[in-house]
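Here is what TrEMBL records for this protein:
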type	residues	note
ACT_SITE	H289	active site, proton acceptor
BINDING	H332, E338, H368	Fe cation binding site
BINDING	Y347, H368	homogentisate binding site
DOMAIN	6-276	domain 'Homogentisate 1,2-dioxygenase N-terminal'
DOMAIN	278-431	domain 'Homogentisate 1,2-dioxygenase C-terminal'
Amino acid sequence: MWENLKYLTGFGNEFATEDPRCPASLPAGQNTPQVCPYGLYAEQLSGSAFTAPRETNRRTWFYRIRPAVVHRPFQRIDSSHLTVDFSAHPPNPNQMRWKPFDIPTDGQVDFVQGLRTVCGAGQPATRSGLAVHIYTCNVGMENKSMQNSDGDFLIVPQQGTLRIKTEFGRLVVAPNEICVIQQGMRFSVDVEGPTRGYILEVYDTHFILPNLGPIGANGLANPRDFKTPSAWFEDLDVEHTVVNKYGGHLFQAVQDHSPYDVVAWHGNYAPYKYDLADFMVINSVAYDHCDPSIFTVLTCPSVRPGVAIADFVIFPPRWAVTERTFRPPYYHRNCMSEFMGLIQGKYEAKEEGFQPGGATLHSIMTPHGPDAACFEGASKAELKPARVADGTQSFMFESSLMLAVTEWAEETCSKLDKAYYECWQPLKKHFRIAEP
């Protein structure tokens, strides 16, 4: 079932696809014929306002066995592990580092049950802001799906491959790949064994590719490398639970059939995946650093030009060749918030303490940079061409918003490393005034 999946390629394309078991299931020449082929229902999923400009207008037409409206009423369920109330816990401007988040070993925990909010800002009710979550689970979602009415999920697997069913088709997403499930799309996550990863949720608009400016027409994440599922359906009469994340709370509704009954679809509003190994790295080849914006894979822009609600940035394997330069990341205070995670390997600026499955948060204007060992080593290193970050993949969720940490992240999870600040304390004073 999951082998040799066929994907549609391109970012934000107008796709048209039908399950090969039902040829000619897409209506010819119109969206809503009086009678659809195969007795299907036509249903539109809108990802933008009807009157949004053409370049940002997002929608897809489904041709499905039953419309999504065929379900019983939603009932509120426990959602204490998630929050959108980012004023409930006092703010904390300190540098923060978390040890790897625990994967459940007692009992069965699926993707929805394993979601935990780490930090965020804003509110989905006003369509403004974001949240950062961790997911940890050990079983798949059986006869259960989720839809996020609050915003888009950018999912970063760290341990364990995700097999994701969606109304659009199927995706297999492994560590060092990402996927984006956009607002309102129903999906189920199946796993094999202990599984962990990170989620960036945005409430505002949708992710887009960053503008390249003087870089030119090619580079960074190339549009052709993004993959969208092709149509696939199952016609199952089985009790199925749909979990709806709405206003930061969870609700569930029961229906008597699988929601993955879309036989054909066309449009430009769809889930997609991307392999981070396909990123075309740009870097300095003379001296000094380019800013880390050159490592941006996707961005969710704000209304201010050049300022993002959220950027997804990676630090992939690459060459370092600069001369006369301190090559690790520079010391920094930023008008942006920086949440970092580590998928695999060791991060160059802090090879000890920052572990795969853990995280760091450097808040707005909070100082950060290489630890003492990194500074001393890089200040004396021979500046010959060298590979950086081989076997490593770290990433950053960067935001113009001031991110507040949840009580779960600061206290309940018991993973916050309160000694993190100590990695900078051995930094020495090297200042000296030369004698005349």
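Glycine too: its Cβ is placed from the backbone N, Cα and C atoms.
On the structure: features taken from TrEMBL.
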residue	record	Cβ contacts under 8 Å, 6 or more apart
H289	active site, proton acceptor	T322, T325, P329, Y330
H332	Fe cation binding site	H362, P367, H368, G369
E338	Fe cation binding site	T360, L361, H362, H368, M396, F397, E398
Y347	homogentisate binding site	F315, M340, F354, A389, T392, S394
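A mean pLDDT of 97 is what the model gives for the domain 'Homogentisate 1,2-dioxygenase N-terminal' (6-276). Apart from the site residues H332, E338, H368, the chain places the Cβ of P329, R333, N334, H362, T366, P367, G369 no farther than 8 Å from the centroid of the site's Cβ atoms, the recorded Fe cation location.
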